[in-house]
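Here the structure is laid out as C-alpha coordinates; the discussion comes afterwards.
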Amino acid sequence: MESKHSLLKSFKFAFSGLKTAITKGRNFRIQVLLGAAAIVLGVVYKISTFEWLSLILIVASVLILELINSAIEEIVNIVSPEIQERARIAKDVSAAAVLIASIAAVFIGVLLFLPGIIQ
(Lines of atoms letter the chains of each structure in order from A and count residues from 1; the text may use other names and numbers.)
(Lines give C-alpha, C1' and ligand atoms only; values in the text may rest on other atoms or scores of the structure.)
Protein backbone atom coordinates (compact mmCIF):
# COMPACT_ATOMS: atom_id res chain seq x y z
CA MET A 1 0.00 0.00 0.00
CA GLU A 2 1.54 3.25 -1.13
CA SER A 3 1.54 6.08 1.40
CA LYS A 4 0.23 9.48 0.36
CA HIS A 5 2.43 11.21 2.92
CA SER A 6 6.09 12.07 2.59
CA LEU A 7 8.58 10.60 5.03
CA LEU A 8 8.98 14.02 6.61
CA LYS A 9 5.22 14.31 7.13
CA SER A 10 5.18 10.82 8.68
CA PHE A 11 7.81 11.92 11.20
CA LYS A 12 5.75 15.03 11.92
CA PHE A 13 2.73 12.85 12.73
CA ALA A 14 4.87 10.60 14.95
CA PHE A 15 6.30 13.54 16.90
CA SER A 16 2.80 14.98 17.24
CA GLY A 17 1.70 11.68 18.79
CA LEU A 18 4.68 11.73 21.14
CA LYS A 19 3.87 15.31 22.17
CA THR A 20 0.26 14.28 22.85
CA ALA A 21 1.40 11.31 24.93
CA ILE A 22 3.69 13.54 27.00
CA THR A 23 1.20 16.37 27.50
CA LYS A 24 -1.94 14.30 28.08
CA GLY A 25 -0.63 10.99 29.38
CA ARG A 26 0.18 11.07 33.09
CA ASN A 27 1.33 7.45 33.09
CA PHE A 28 3.54 8.03 30.06
CA ARG A 29 5.20 11.02 31.77
CA ILE A 30 5.84 8.95 34.90
CA GLN A 31 7.33 6.14 32.82
CA VAL A 32 9.55 8.59 30.91
CA LEU A 33 10.85 9.99 34.22
CA LEU A 34 11.48 6.51 35.64
CA GLY A 35 13.22 5.48 32.43
CA ALA A 36 15.38 8.61 32.54
CA ALA A 37 16.25 7.87 36.18
CA ALA A 38 17.28 4.34 35.20
CA ILE A 39 19.50 5.73 32.45
CA VAL A 40 21.12 8.14 34.91
CA LEU A 41 21.78 5.19 37.24
CA GLY A 42 23.33 3.35 34.31
CA VAL A 43 25.77 6.23 33.83
CA VAL A 44 26.50 6.50 37.57
CA TYR A 45 27.16 2.77 37.97
CA LYS A 46 29.00 2.45 34.65
CA ILE A 47 27.02 -0.55 33.47
CA SER A 48 28.39 -2.81 30.73
CA THR A 49 27.39 -2.74 27.07
CA PHE A 50 25.14 -5.78 27.53
CA GLU A 51 23.53 -4.14 30.58
CA TRP A 52 22.92 -0.98 28.53
CA LEU A 53 21.29 -3.11 25.87
CA SER A 54 19.01 -4.69 28.47
CA LEU A 55 18.18 -1.34 30.06
CA ILE A 56 17.41 0.42 26.79
CA LEU A 57 15.26 -2.47 25.55
CA ILE A 58 13.16 -2.67 28.72
CA VAL A 59 12.71 1.12 29.01
CA ALA A 60 11.72 1.31 25.34
CA SER A 61 9.37 -1.67 25.76
CA VAL A 62 7.50 -0.05 28.63
CA LEU A 63 7.16 3.25 26.74
CA ILE A 64 6.10 1.55 23.50
CA LEU A 65 3.51 -0.57 25.28
CA GLU A 66 2.14 2.50 27.07
CA LEU A 67 1.76 4.27 23.73
CA ILE A 68 -0.03 1.24 22.27
CA ASN A 69 -2.22 1.01 25.37
CA SER A 70 -3.16 4.69 25.07
CA ALA A 71 -3.99 4.27 21.38
CA ILE A 72 -6.17 1.22 22.12
CA GLU A 73 -7.99 3.11 24.88
CA GLU A 74 -8.68 6.04 22.54
CA ILE A 75 -9.94 3.76 19.77
CA VAL A 76 -12.18 1.86 22.19
CA ASN A 77 -13.57 5.15 23.51
CA ILE A 78 -14.43 6.24 19.95
CA VAL A 79 -15.97 2.92 18.90
CA SER A 80 -17.73 2.24 22.19
CA PRO A 81 -18.43 5.46 24.14
CA GLU A 82 -20.93 3.62 26.33
CA ILE A 83 -19.72 1.14 28.94
CA GLN A 84 -19.50 -2.38 27.50
CA GLU A 85 -17.90 -5.51 28.90
CA ARG A 86 -15.91 -6.24 25.74
CA ALA A 87 -14.59 -2.68 25.62
CA ARG A 88 -13.52 -2.98 29.25
CA ILE A 89 -11.73 -6.25 28.48
CA ALA A 90 -9.83 -4.65 25.57
CA LYS A 91 -8.70 -1.78 27.79
CA ASP A 92 -7.79 -4.03 30.72
CA VAL A 93 -5.79 -6.45 28.59
CA SER A 94 -3.80 -3.66 26.96
CA ALA A 95 -3.13 -2.16 30.39
CA ALA A 96 -1.99 -5.59 31.59
CA ALA A 97 0.68 -5.62 28.87
CA VAL A 98 2.10 -2.39 30.28
CA LEU A 99 1.92 -3.80 33.80
CA ILE A 100 3.89 -6.93 32.86
CA ALA A 101 6.57 -4.89 31.09
CA SER A 102 6.77 -2.52 34.08
CA ILE A 103 7.20 -5.41 36.52
CA ALA A 104 9.92 -6.85 34.28
CA ALA A 105 11.58 -3.41 34.24
CA VAL A 106 11.65 -3.33 38.03
CA PHE A 107 13.27 -6.78 38.16
CA ILE A 108 15.84 -5.80 35.55
CA GLY A 109 16.55 -2.56 37.41
CA VAL A 110 17.08 -4.46 40.66
CA LEU A 111 19.42 -6.93 38.95
CA LEU A 112 21.38 -4.15 37.26
CA PHE A 113 21.66 -1.64 40.08
CA LEU A 114 21.30 -3.39 43.43
CA PRO A 115 24.86 -4.79 43.43
CA GLY A 116 26.27 -1.30 42.84
CA ILE A 117 24.00 0.26 45.46
CA ILE A 118 24.95 -2.36 48.06
CA GLN A 119 28.71 -1.81 47.58
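Including glycine, each Cβ sits where the backbone N, Cα and C put it.
Computed from a predicted structure; not experimentally measured.
Among the candidates GLU66, GLU73, GLU74, the one that TrEMBL lists alongside LYS91, ASP92 as binding ATP is GLU73.
Proximity of distant same-chain residues to the transmembrane segment (53-72), defined by a Cβ-Cβ separation under 8 Å and at least 6 residues beyond the stretch ends, is recorded for 17, 21, 25, 27-28, 31-32, 35, 38-39, 42, 47, 90-91, 94-95, 97-98, 101-102, 104-105, 108-109, 112. For the ATP site, whose annotated binding residues are GLU73, LYS91, ASP92, the maximal Cα to Cα separation is 9 Å.
Here the candidates are the recorded positions GLU66, LYS91, ASP92. The one whose C-alpha lies nearest to that of GLU73 (divalent metal cation binding site) is LYS91.
Listed in sequence order, ILE72, GLU73, VAL76 are the same-chain residues six or more apart from LYS91 (ATP binding site) with CB atoms under 8 A from its CB.
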